[in-house]
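Working notes, beginning with the structure itself.
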Amino acid sequence: MIILGIESSCDDTAAAVVSDHNTVLSSVVSSQVDVHHRYGGVVPELASRMHIEAISPVVAQAVDQAGISPDQIEGVAVTRGPGLIGALLVGFSFAKAFAWAKNIPWAGVNHLEGHIYSLLLSDDPPAFPFTALLASGGHTSIFHVVSQDRFELLGQTRDDAAGEAFDKVAKMLGLGYPGGAVVEALAAKGDPCLIPFPRSFLDKDGFDFSFSGLKSAVARYVQLNRENLGEMMPHIAAGFQSAVTDVLAFKLIHAARATGCSRIAIAGGVSANRFLASRMKIEAAKHNMALYLPPPSFCGDNAAMIAARGHRLISQGDLCQLDSDVFSRTRFL
């Protein structure tokens, strides 16, 4: 079955064509980063307007790169939530109209489940069950992934997501938006042990996260060290990144041991962080666990993961109807 995937939950307009569950024929992403950079973050209304401009060309490009005609598409999968309502509605409305015009089935995909499915697009996907950390700009959660359709939420952030914390620290340091890659690059020049930022493990027997305290500690340090901030910036970035990584690694390993899993995985935009990946490889080896990461091109938001998850939903008959709608908050479909 050939599935067209569409993703528009935040500031990336993406389309992909996937066949046979995990064979990616094409994947196109149109980023709005250059536009939102000047505002220091995503402007929802602006994001929606840019999705409207990009959606048709992006879908056309994905179909063309897949080497197929639109008539060969047998189903449509589209992100239904969570995300920015206006942004979601652009992709969702396009998918609904496309499927209705072609008289083909369509499915709404939970964005978080899509990120978990990005792990299945690898040449060496994890076998079930596995324990997955999903870390991005909007979400930080741990799931026990029992099967293709069973995702048990073990813990989640109580405040800021890990990626969101990176963005906010980048803003404190005057590095602009988005912050993940620039903080990582700056941290590579610093000493992660020089500034002992706090690690918030909350209840060590639980799997929830909290990064607001760490964010506040960085803000206080920046405020108190304005005079030599320039020379300290690499060390601030390194200390912050190390603190986030320590918490993510501890919680993921702890959750895997609690569920009896020997396979762990990281998905979402933060999985592209090489410092985190390197640390998790060490921790996995230390605990005799296998670590899985998505292909680099599928770490961030993309439509291939949406198409892969949608393929499964359509195969099971779990379809959307004309009165189906999007949702902004995290939930499972």
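Glycine too: its Cβ is placed from the backbone N, Cα and C atoms.
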Going by Swiss-Prot, H111, H115 bind Fe cation; tell me which of D301, D318, D323 is listed for that site too.
D301
Among N22, N273, N288, N302, find me the residue Swiss-Prot lists at the same substrate site as L134, A135, S136, G137, G138, D167, G180.
N273
So how many other Cβ atoms are close to A135 (substrate binding site), meaning within 10 Å of its Cβ?
27
For L134 (substrate binding site), identify the closest of the binding-site residues H111, H115, D301, judging by Cα separation.
H115
Work through the binding-site residues one by one (H111, H115, D301) and name whichever has its CA nearest to the CA of G180 (substrate binding site).
D301
Of the binding-site residues H111, H115, D301, which one has its Cα closest to the Cα of G137 (substrate binding site)?
D301
Same chain only, sequence gap of 6 or more: which residues have a CB within under 8 Å of the CB of D167 (substrate binding site)?
G41, G137, Y177, P178, G179, G180
Integer Å distance between the CA atoms belonging to D301 (Fe cation binding site) and S136 (substrate binding site):
9
